[in-house]
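Undergrad: Have a look at the structure that comes next, please.
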Amino acid sequence: MTPEHLPTEQYDAQLAEKVVRLQSMMAPFSDLVPEVFRSPASHYRMRAEFRLWHDGDDLYHIIFEQQTKSRIRVDSFPAASELINQLMTAMIEGVRHNRVLRHKLFQIDYLTTMSNQAVVSLLYHKKLDDEWRQEAETLRDALRAQNLNVHLIGRATKTKIELDQDYIDERLPVAGKEMIYRQVENSFTQPNAAMNIQMLEWALDATKASKGDLLELYCGNGNFSLALARNFDRVLATEIAKPSVAAAQYNIAANHIDNVQIIRMAAEEFTQAMNGVREFNRLQGIDLKSYQCETIFVDPPRSGLDSETEKMVQAYPRILYISCNPETLCKNLETLSQTHNVSRLALFDQFPYTHHMECGVLLTAR
């Protein structure tokens, strides 16, 4: 695979290999055959970032080859959304011969939605001034004249200039209902929107017979907690990043959801609060004991759950675990499988043509 060529004819084979690999990894804990969810074979990534290479009068996107670190020129990127590909061409054309916009520009980040909105961030090794803003506004207007619904942001050390806004609103059809998700520039969002829809619908199906309340750790912008709210009486969710918490609060209102409470704190801190080890001012007015959480949802970073959180989640009858790293999932399962059985297993092909796998498990207490 090269950045400008996807081996789409090998899609089925690479997915089959992942299924075999996941089954092998999960064998000590379950003999279930994974439910498999396919990605679009191309144009599946909704975000991408590229370094910029200045070569005389020429200017182009590059990425670095992982092993050799050599530069690879990228004029098109079929893994990314069609809108990103359109913007890649339009941005180079708009910046190449503009001294103010081009000077010391070293990176461009693209964030797009299925609803055809985009935020493009230009990163610089220089101070940004009013002249930069004026030229950037002219470029933005030219892009919009090409029917590109785009917002531009300039970034430099300790500087961020938003011409309009630093977010876009994604609209996803999830099990017969449209979900609105505000996505903020430079914050985590699910990279593969089509796969995200399938993950949300799988999680909804896995929890459809649930009772009581849901607790979610690492909720981000509320991606899962808001979609799952329809299956539970109440949802209590934690997140540490301020922009994600703000986006989650917006998403609660935009989706007219009244049974979700977001708390800004780390999963480790929440574990301490639940266990009565520490009290936190930010939990004032929230009666943790009033929640009857029979299900806990975790979507941890690649490092998986820490040992204290492992112990905490074992107290719940049902654990829904989405993992972006099956190796750390299996490490966690060495502990969790002492009290819970794997009752559902899913493979989500979030990153086609790569070694990476995303998977989901539903664990039920013995």
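Keep in mind that glycine also has a Cβ here, set from the backbone N, Cα and C atoms.
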Undergrad: Per Swiss-Prot, which of E178, E239, E279 sits in the S-adenosyl-L-methionine site along with Q190, Y218, N223, D299?
TA: E239
Undergrad: Residues with Cβ closer than 8 Å to the Cβ of N223 (S-adenosyl-L-methionine binding site), same chain and 6+ apart in sequence?
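TA: Within the chain, N223 (S-adenosyl-L-methionine binding site) has Cβ neighbours under 8 Å at Y181, T189, Q190, N196, L200.
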Undergrad: Of all the Cα pairs drawn from Q190, Y218, N223, E239, D299, the residues the record ties to S-adenosyl-L-methionine, which distance is largest, in Å?
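TA: So the maximum pairwise Cα distance among the S-adenosyl-L-methionine binders is 16 Å.
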Undergrad: Starting from the S-adenosyl-L-methionine site formed by Q190, Y218, N223, E239, D299, give every other residue of that chain whose CB sits within 8 Å of the mean position of their CB atoms, in sequence order.
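TA: Same chain, not in Q190, Y218, N223, E239, D299, Cβ within 8 Å: F188, E216, C219, G220, N221, G222, F224, S244.
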Undergrad: Counting all other Cβ atoms within 10 Å across every protein chain shown, which of the recorded positions E239, E358 scores highest?
TA: E239
Undergrad: Take the Cβ of Y218 (S-adenosyl-L-methionine binding site) and count every other Cβ within 10 Å, whichever protein chain it belongs to.
TA: 22
Undergrad: For E358 (active site, proton acceptor), which of the recorded positions Y218, E239, D299, C324 has the nearest Cα in space?
TA: C324
